[in-house]
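Notes follow the structure.
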């Protein structure tokens, strides 16, 4: 438990009808007595004057006192709800800081104390920041699911399954004299496969949750005059890029942040790829390749009037060979209004082919639907949770160790190695909820929060 008391403004900085100051720590009741002149009843809203050290009134408003452990942080908490002007808020905070033993809160310190006092786990604490920063209704719903413990429940279920399997495996190791070979009886193999399958399902949902939080990066790439800028405008619904018949009009990277049924996408238009002699155009092409290498998916724009080919290897093998491994690619045959080709998704094998007209907008809805399906997302889904990059990394490492354990079990009946791999996998899963986390990791997470959270 901490011994110091912290204070910060819990509402956003700036002018507002109401401003809230939050105090947490062992001196919260003393602060309430000092500022209001009253001993506050627990969990009662009382309308009182807030005074300075000379008894002069600074403001008046509602005071709320929450004794530990029944508070957000698990400590004694005081909230003063006054008028939301920055001057009034500043005067009240300076008044509270005059009380010995009270200091300003660090960013995220209230949530950090809630975590340290077991009021929430790490995924729930992170969900507070994600809910505040949500850029769409769907993102807010997903963050709320995480805050309510949906992600944590999935992780705890996996951990409990691992614990039970570890007990069984380690018992088989500790009692080798038993006539029954526990490792070979099929139960261990079946239980391990079930855990691997359940982890894979959580990873799929977590990947989707990470996209909901961070957005999917989609890069439009191709030769000059293929219609890349027209497609950016069609997807964004506005004239973001200049469109002309002159090859090489786009010389720099253009970005638009859009939502498709609540799914955030970062759409990036790039310079036409070719052997350029112009120095400025060369820089634009270099930047285009930088964006391509970092993309979640590349939309390979093809001028449908210049070729009938649909396989990217036939259209431009040098371009395909330069793409990073495992990057998603969708072939877009543009200018269907001129070629008369059937619109929409033509085949869903790798890579998917879509025929459209960026100029008229025909077929663009099929592309929007395709982008959602690429990430396994449906705007009508409920119950999804928010995830962060560190969660994905921990889930991936856990899956890797389970796979190693499975190989050792099936190939060598190596119970000791399996037990160790199960232990490491459990440790990685515990990192997600904070049951096993370094102080450095906690510091990085909570330092990104708002001051009063």
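Backbone N, Cα and C atoms are what each Cβ position is placed from, and that goes for glycine too.
Computed from a predicted structure; not experimentally measured.
Feature annotation from Swiss-Prot assigns (6S)-5-formyl-5,6,7,8-tetrahydrofolate binding site to 22, 79, 119, 453. Feature annotation from Swiss-Prot assigns K(+) binding site to 225, 244, 246, 249. Under the heading GTP binding site, Swiss-Prot lists 225-230, 244-250, 269-272, 334-337, citing sequence analysis as support. Feature annotation from Swiss-Prot assigns Mg(2+) binding site to 229, 250; the stated evidence is sequence analysis. Residues or ranges marked as domain 'TrmE-type G' by Swiss-Prot: 215-376.
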Per-residue Cβ crowding (10 Å cut-off), top of binding-site residues 22, 119, 228, 335: 228
Fewest other Cβ within 10 angstroms of its own Cβ, chosen from the binding-site residues 225, 229: 225
Distance from residue 228 (GTP binding site) back to residue 119 ((6S)-5-formyl-5,6,7,8-tetrahydrofolate binding site), taken between C-alpha atoms, in Å: 50
Chain-internal residues, separated by at least six, CB under 8 A from residue 79 ((6S)-5-formyl-5,6,7,8-tetrahydrofolate binding site): 10, 20, 21, 22, 23, 63, 64, 66
Residue 229 (Mg(2+) binding site) and residue 271 (GTP binding site), distance between Cα atoms, whole Å: 9
Per-region confidence, the domain 'TrmE-type G' (215-376) (mean pLDDT, whole number): 88
Count of other CB atoms lying within 10 Å of the CB belonging to residue 271 (GTP binding site): 27
